[in-house]
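In what follows, a structure is listed as structure tokens, so that the remarks can point back to it.
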Amino acid sequence: MSSKTLPYSMKDVQYDNAKFRRRSLFQVISHTFFTKKMKRECMACSTGKFLALLMICGLTYLMLTHASPIHSITNHVSSFGTHKGNNSIIYGGIGVRRFWRKPPRLPPRLSPDESNNKSIASEWTSKQESVKKAFIHAWSGYKNYAMGYDELMPLSKRGVDGLGGLGATVVDALDTAMIMGLDDVVSEAGSWVEKHLPERISHKGQVNLFETTIRVVGGLLSSYHLSNSNPTNKGPKPSVYLENAKNLADRLLTGFTSSPTAIPFSDVVLHERTAHAAPDGLSSTSEATTLQLEYNYLSFLTGDPKYSIEAMKVLEHMKTLPKSEGLVPIYISPTSGEFSGNNIRLGSRGDSYYEYLIKVWLQQRQSNRTYLHDMYVEAVKGVKRHLVRKSKPNGLVFVGELPDGIDGGFSPKMDHLVCFLPGTLALGATNGITKAKAMEENLLTFEDLENLKLAEDLAKTCFEMYAVTSTGLAPEIAYFNSESYSENGLDGGNKSSEYIHDIVIKHADRHNLLRPETVESLFILYRITEDSKYREWGWSIFEAFEKYTKVESGGYSSLDDVTVLPPRRRDKMETFFLGETLKYLYLLFSDSNVIPLTEFVFNTEAHPIPIITKDHQTE
């Protein structure tokens, strides 16, 4: 239909779905007759004016009296149905009501971008549901065969206690279930905590201070916050989680108070309330310095400063120790308070020291602990200067190790654990806000932008550690061909990978433990850069987990060798698969207002801890 015959002008139509404007009978007739050529010719003389008036009167009479069907019209409008008392509209009589009826609403009009965005949102919501189903499958295996044990052995269909017997999987998985809105799981896990955990805390024996703090204390505190914030909470009263966290922490504090220095002993005997050093007398640097988020928050909640005081003594002591451009050895003595050895790395025993420098500073920004930020900045400079290299032949950026310290040789070895670093660098650059907002408000320094670029480069390397293998899953450790190192015949098995000759995977390092570090960084980088490639990479990793680690009877299993098909399974589902890996994947596909990075910091076991602000009210 030509636009000339439309009964409205496009200027009357607003993009926000406005209605047609109502027009009177006089306006309709005048538009029909006096906007045509007739207006120019017939109105030129008095006779024409008289004839026009006569024509109008005649048409008006016909409209008021004529009601015969007009089949050509009814054939098109019959689908709207019939209405009593309104036959003049339905059967084609052009009665007065046709002109006076309420004008129709325009249909919603989406721009191509809006329509596309709606489709994309639906796609990621669907992927999020797939992750939720995977969590339910993992939990069902644990519940059916290992409820109350620390971990599930999914092939043997039994449980095992490898973390002190506190039901670590229950507590590690609890806040993930809350975030996913899985009320049945929350009820099951919460009921177990209420009925069984107090007795376990009182009677169990030796536990590792670090592992118990990040998994159990951290999980209880996060669950307390989330349940306390949810009026429809399906588990026990939120106070149950806080009381158990406090009870456990009171016993774990022995690890701090028994030590002659600020560095805590690594092991605590719960039922005796005693603590001692590891057999070699040393503590891991990362373990001693990755306790502060949890105990700071516990002090905040209880009003008792003793937890925070003991934990923060460690970082205050670390500030005084000599470092190599911010880098520290991976062992420290609780007896002397000094570092032991020269081995520097961001993998096992070193990793979360660097992570907690920036996260504790973010949590405690209102407390003016600027020394933590200063230590973080210095450490990142040291990493960039001494540990970052590029692979041969294709230039993947990776982080290596210094087994003999800053003056020793460089090793192109990179643990999967190091893949926490891209997320930490991104968090340190923008403090959790999006890159776009930080740029708009001119908040980023050149160094921040440089660190963000390094984060993105390292995230790509971490993803390629997955993509280079036959299974699409990363090994525990990778080496990189580089200027000082080259080894052939130990590739990942995926011959189509562009980086098949850059990444070396030795036979002893080919296992996969369902680790979370890469998807953790993908989650943080997506939130900060809003680049959808991180979601795509995360989905690829999730699909590989589904294809090769899922056990039909329930649960997921670690793998022995990711470079061969089919991979042999190890019969172990680590607690962090439910507590971290699936949580980060779920949040990767969620809206950014779900656990926002500006309001929470995640402890090193992915338990979200609220950032403490001056106006934060005690819960």
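Our numbering is plain: 1 for the first residue shown, then up by one each step along the chain.
Each Cβ is built from the backbone N, Cα and C atoms, and glycine gets one as well.
Under the heading active site, proton donor, TrEMBL lists Glu211 (among others). Sequence-distant neighbours of Glu211 (active site, proton donor) (same chain, 6+ apart, CB under 8 A from its CB) are Leu163, Gly164.
Within 10 Å of the C-beta of Asp351 (active site) we count 25 further C-beta atoms, all protein chains included. If you look up TrEMBL, you'll see Asp351 (among others) marked as active site.
Around Cys462 (disulfide bond), a 10 Å sphere centred on its CB holds 29 further CB atoms from the protein chains shown. TrEMBL lists Cys419-Cys462 with the feature disulfide bond.
What TrEMBL lists as active site, proton donor is Glu476 (among others). Remark: Glu476 (active site, proton donor) has Asp415, His416, Asp509, Arg510, His511, Asn512, Leu513, Arg515 as non-local neighbours, by Cβ distance under 8 Å and separation of at least 6 in sequence.
According to TrEMBL, the active site annotation covers Glu517 (among others). Applying an 8 A CB threshold to same-chain residues 6+ apart, the list for Glu517 (active site) reads His416, Leu417, Val418, Cys419, Phe420, Cys462.
As annotated by TrEMBL, Ca(2+) binding site applies to Thr604.
Neighbours of Thr604 (Ca(2+) binding site), defined as other CB atoms within 10 A of its CB across all chains, total 26. Other Cβ atoms within 10 Å of the Cβ of Cys419 (disulfide bond), summed over all protein chains shown, number 29. Thr604 (Ca(2+) binding site) is 10 Å away from Asp351 (active site) when you measure Cα to Cα.
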